[in-house]
Each structure stands twice: as structure tokens, then as C-alpha cells.
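Enquirer: Got these off Swiss-Prot a minute ago, pasting:
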type     : residues                          : note
ACT_SITE : 92                                : active site, proton acceptor
DOMAIN   : 98-330                            : domain 'Radical SAM core'
DISULFID : 105-341                           : disulfide bond
BINDING  : 112, 116, 119                     : [4Fe-4S] cluster binding site
BINDING  : 164, 165, 196, 219, 220, 221, 297 : S-adenosyl-L-methionine binding site
ACT_SITE : 341                               : active site, S-methylcysteine intermediate
């Protein structure tokens, strides 16, 4: 049986585990500091921890559960990493550079079962969930890459928008969030972390009840059930009415802004009537709503879909703003590399099968 990732333990779980195995309470703080502040690559680097404790950790945990398979760097500084896991599966992680800091997009599952008809991630069905340690390790790998390049900046923002549905891996997601948010370690502010869901309403209720104050984004992509079901199979299980009731509960509990993600598909969901429907759908909580219009990244396997024309994106944006909806257009990072979610992984798997 393979050893677990040390990054899979929250601070409290690490402390409890060490005490259970005969170590003093302070040992957790020492180890945590080495993991997240000094970012060690070997347990042997912990020079203020006794050898018996180091051996205990080495016998039960590992620091590395994945290796870098491919790295693509864009002219705009975006870096896409393809990591190979211990079981041979591939996942993607993306570093994006913004004026406000460095943001990392992490993956939570190997493959995806949500079934969005326009997305590269769903071309390969979900084979398993990632452990919380595997999600944390993505952040650590990116930060260590920056350290090795001599970059002094640290990862300041996280978006959980990579391959998979985060709320379908809920417990591991929450351990990940508490680990990266912990002020004794990476200390990434909750307001700098965004979790995106395709709309698992029952998990939105659960997320609303959790005290952590991270941001929520909903991949909406259509303002009515007929169209949303056509492009997102998840809408059969969680139609818009059920989804919006969970949103109401979330807003009541958190009083925090929700971002609605809306992919712009040419002649599919980009007409004025959809803009009006969308505005009407969220008008009752528009003071806590923001719409992110996302120009579509073309995927070879989905030839039926094209990016909306620039003038249609602009018209959609103007209609929403005229109706009092806060919105913006999110132009992609890494346009010259395989930066659309799932593209690089899909290409590499196809290439491997062709050999």
C-alpha cells in the first residue's frame, strides 16, 4: 500500500496524528513550518526535528505523489503544468499572472462526469477523485517552481476551476481549503480563493453552512432549463429552479457575492433574449451578483461550438449592464498554449494511445 501525502493533513489532523504517535504538541508547528514556509523537498531537511520523528513521518508519508510531465509557458507568463500521478493518471494545473498577484487554477478530479457538451475536461470520464494532498501538492509544486526560478512572489490567489467538479469531491475539497487558508502556512486569504461548481445544489447548501469565507462561482452558461440541459447534462439533476433556491440559501447565510460564469457560444446562448433572461434570473439579488462572460476556447473535439463574435459579446455585455447587472468579460490567459481546461491532458492521452 502506497504512503499518503503529508499535504493531505490539515494542521489539526497533523497535530492529532503526531500526538497519537507519541510526539509532543509543538511538533506539529515545527513540521507545518517546514512544509509550507520553508517548502522542503525531503523530510531530512528538518534540522530542528529529532530523527525519530523524521523517521516516523518517512515511514508513513511522502512529499511527492506526482511528477511534472509537460510544462507549457505562454508569452503572457501563464504556465500550464501537466502532472503525472503515482497511478499514471494525468492532471492539469495552471499558473496565471495578474496585476493583483499570482493565481493558480487547480484540478480536483481525474476526468469529469458533469457532461458539459462544449468542454474538453469531460471528453474523458472521471476515473477517481484527487485526495486533498494531491490538490494541495499542485499549489506546492507551482510555488516551488517559482522559488527555483528565483521569483520572490508567492501564490496569492487560488481558483478551483480545473478538471472535475469540486463539490463532487467535497470532503477533500474542504480539507484543501482549510490547509491553504491556514495562517500558519501558505496563508492564502479566503477572499482570494474561489470555488467553481456546475451547480450541485445540495452541496451549495452544505457549503453555505461551513464557516469558511471563500468565494463561490457557479458555471451557469444558460438562463433557462431547455438550453442549459442541452449544453450541461447536470441540469437534469439540478434544474435552474432548484439551483437558484440553493443560491438564495447561500446568500442568506453568507451575504457574499456570487459570480456566475457564462461561456459565450456563437449562436447558441449569446443572443439578446438570453441576456434579458439572465438579468431577470438574478435581478432579485443583483447587488450580490457578478456575471463573468467567458469567450469560448475552441476544442477540436467539439466542432459544433465556436466562440461568439466580438460584437455579440459586447452587445450581450451592454444588455446586462443596461439592466443593472454587474458584469465583465474574461479574456483568456495563455491563448498561445493549450490553456482551455482539459485540452493539454486530452492531447497527451490521445498521443500516448497513438504510440
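From the backbone N, Cα and C atoms, a Cβ is placed for every residue, glycine too.
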Enquirer: Please tell me which one of the recorded positions listed here (92, 164, 220, 221) sits closest to residue 105 (disulfide bond), measuring Cα to Cα?
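Expert: For residue 105 (disulfide bond), the closest Cα among 92, 164, 220, 221 is found at 92.
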Enquirer: Using Cα coordinates, what distance in whole Å links residue 196 (S-adenosyl-L-methionine binding site) and residue 92 (active site, proton acceptor)?
Expert: 16
Enquirer: Highest CB neighbour count within 10 A among the recorded positions 105, 164, 219, 220?
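Expert: For the recorded positions 105, 164, 219, 220, the Cβ with the most other Cβ atoms within 10 Å is 164.
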Enquirer: Can you count the other CB atoms that lie within 10 A of the CB of the residue listed as 'active site, proton acceptor'?
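Expert: Counting Cβ neighbours of the residue listed as 'active site, proton acceptor' within 10 Å gives 27.
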Enquirer: For residue 119 ([4Fe-4S] cluster binding site) and residue 92 (active site, proton acceptor), determine the Cα separation and express it in whole Å.
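Expert: About 14 Å separate the Cα atoms of these two residues.
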Enquirer: In three-state terms from DSSP, label residue 196 (S-adenosyl-L-methionine binding site) for me.
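Expert: Where residue 196 (S-adenosyl-L-methionine binding site) sits, the three-state DSSP reduction gives strand.
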